[in-house]
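Residues annotated as Zn(2+) 1 binding site in TrEMBL: 539, 542, 579, 582. Residues or ranges marked as Zn(2+) 2 binding site by TrEMBL: 548, 551, 566, 569. Annotation source TrEMBL lists domain 'Helicase ATP-binding' at 309-476. If you look up TrEMBL, you'll see 574-728 marked as domain 'Helicase C-terminal'.
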């Protein structure tokens, strides 16, 4: 589409001298192209790129779309529909945002609509909801209806309208459209598309005193008039007290503080003593915070800061490699402070929501309450409010998880990617399957912003970029305040079991260390990277193991609800006491998760206060924060957790760390297993002894001589890099090669095999031995879909990444032209690690 220009305006007037505008819009859908709509003449003046419009797509559906381009040329292949309305007074996205969406769609091989869908908070995406009502004027014979049609009609006799979800639940099946279509064609029902309500600002009523009573004499007279209404006097006195403490007094706050009834309040309004004004307010609580700005940087920190600033001057990304507790956060604060002084915005990325809880308090203590927080635990309206405040520049600092990279920054000057090695920055499903660290690097170029990547255990890719000169390296190799790194001790589980010194899943060494730490009133963190109670139940008679009915995976026992859970699709099954296969009664629990560790500790250490931190205990909005606050306040003695406890948390009273099962990480079949094992063990070890006394870490393993265990013990990250880079080069893995993974899915395994073989042949014809597979992955069926994968390894010479992507796109397009493959699903994952 041609962009609007002066020339095109002159040549495109209609017969009345009026200009007809067309807009290319982005729909929040996984469709391969954008569509063009026509603008009603009276709305021409309101049209701007980045505004939301309501459009009809298909026969019935209504969506919020985003204006992407404006032009005067009508589409040639179809007649453009009119937009239904324009939703915004001003654009809700920036030009740089749209550029970044274009880049992401190209790089990650998805549609720009999928980017839009991921980027915009749900409250800014209006979509129509299908509602079904009974046509009361229709005459029909119920006996001629099918059983399922009868159920729908019967339900509509009782309830005035049903949604599609209501009918899905009623019939117990997902495919209900044929039934609805049949009833609609018989004119028995009516199908209505209703636009859902979007973002709602929070409105509160604020109280003001009639200016007449600003005069002290008149106020004294007022109290005399109200002598016989003591409740009204009390309410007025409370208002006067609150108004001295706060700029504004809300009606809600006044009633709560005074314990008065609305009737008393209304009486003062009727007497024109109080007046009310409705105002839009923030959903985020603002507290009075004592600002602390008196910390001094150590000599090592000052050197690192100067190196970072030199890297910024060279317009290079900076990798800050600092051992755990070396004071990286203090450097980030100095960098943010300098950015704010330049009048620019800062983005501080963290890999986990758990980390934001602690970091919020640290940043607020320095910068006050003008920090925007953005992550998935916020509700739709809260996320929309942060979006709008970032766009208006009201938030100069944004702290958030990976989705923060989508926010509409208008003047971004600094990006900090903390714990840059974390795979939590990678989005796996749904598309776009992006890595927030890599998007942050792109945004830094787009905004000409400075960027620093921080970690105690940088990723191999970032280290490689330092070696190749792309990044500048700044180092902090000592802990802040001269605190020593923890002592790391390895315990051989084979020897412990041989000597019968194990207490359940705890070695004698670890258990004694826990008892001693508790006697000293110190805190303990135990790391087990598996949630649930037991990963597997097995019948000792016939070896039967319960599996998910929808996935090729064993069910995990969770004691809290006495059910077996699938961690892939969410399926649950009631626990059994008799084997379903042979009727045997000897059902054994194999393995252990965080829930079992918590349970066993309660028996072995009955006086200890124990809490678990994993996905199951942090599902609520403030679940993370409550656990972290309780641990900081020393209301918890032992914290048992998955990798959530490894990620940058700072607790001054933790003296002991226990890594319960190092072997599960080391033996995981993945090319990054050794790198990630080193990172996880080093990171969790860094939680110990962060203030004065040296901490202790005990690693339990059956492989005490393993090279990774030895490198963790001696904090030898250089040996890890040297070994892993040599292997990656030999076996064609990143950072020397790029990877693209294709997951081919189908509900029928025979059709999957045929489809995967066909696509594999097509790709190999053009890309040769760069294409590996198709092969079944470790878990080869999820949600009733069988899976095969193709892995494409792309060297950095001889062929461009864009050429490979073009071959993949063309091969998939050719693949889908074959009718027998229409129902096959193909998922593309660029950089799938």
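Cβ coordinates come from backbone N, Cα and C, glycine included.
Taking the Cα atom of each, residue 548 (Zn(2+) 2 binding site) and residue 542 (Zn(2+) 1 binding site) are about 18 angstrom apart. Long-range Cβ proximity for residue 551 (Zn(2+) 2 binding site), meaning a same-chain Cβ under 8 A and a gap of 6 or more residues, is found for 566, 568, 569, 571, 779, 781, 782, 783. Residue 566 (Zn(2+) 2 binding site) has a Cβ environment of 21 other Cβ atoms inside 10 Å. One residue stands out among the binding-site residues 539, 542, 548 for having the most other Cβ atoms within 10 Å of its Cβ: 548. The DSSP secondary structure for residue 539 (Zn(2+) 1 binding site) is strand. Cβ atoms within 8 Å of the centroid of the Cβ atoms of 548, 551, 566, 569 (the Zn(2+) 2 site) belong to the same-chain residues 549, 550, 553, 555, 567, 568, 570, 571, 782, 783, site residues excluded. Excluding 539, 542, 579, 582 themselves, the residues of that chain whose CB lies within 8 A of the CB mean position for the Zn(2+) 1 site are, in sequence, 540, 541, 543, 544, 580, 581, 583, 584. The number of other Cβ atoms within 10 Å of the Cβ belonging to residue 579 (Zn(2+) 1 binding site), over all protein chains shown, comes to 20. The Cβ of residue 582 (Zn(2+) 1 binding site) lies under 8 Å from the Cβ of 539, 541, 542, 544, each of which sits 6+ residues away along the same chain. In three-state terms derived from DSSP, residue 566 (Zn(2+) 2 binding site) belongs to neither a helical nor a strand segment and is classed as coil.
DSSP gives residue 579 (Zn(2+) 1 binding site) a coil state; it is part of no helix or strand.
The Cβ of residue 569 (Zn(2+) 2 binding site) has 16 neighbouring Cβ atoms from other residues within 10 Å, across all protein chains displayed.
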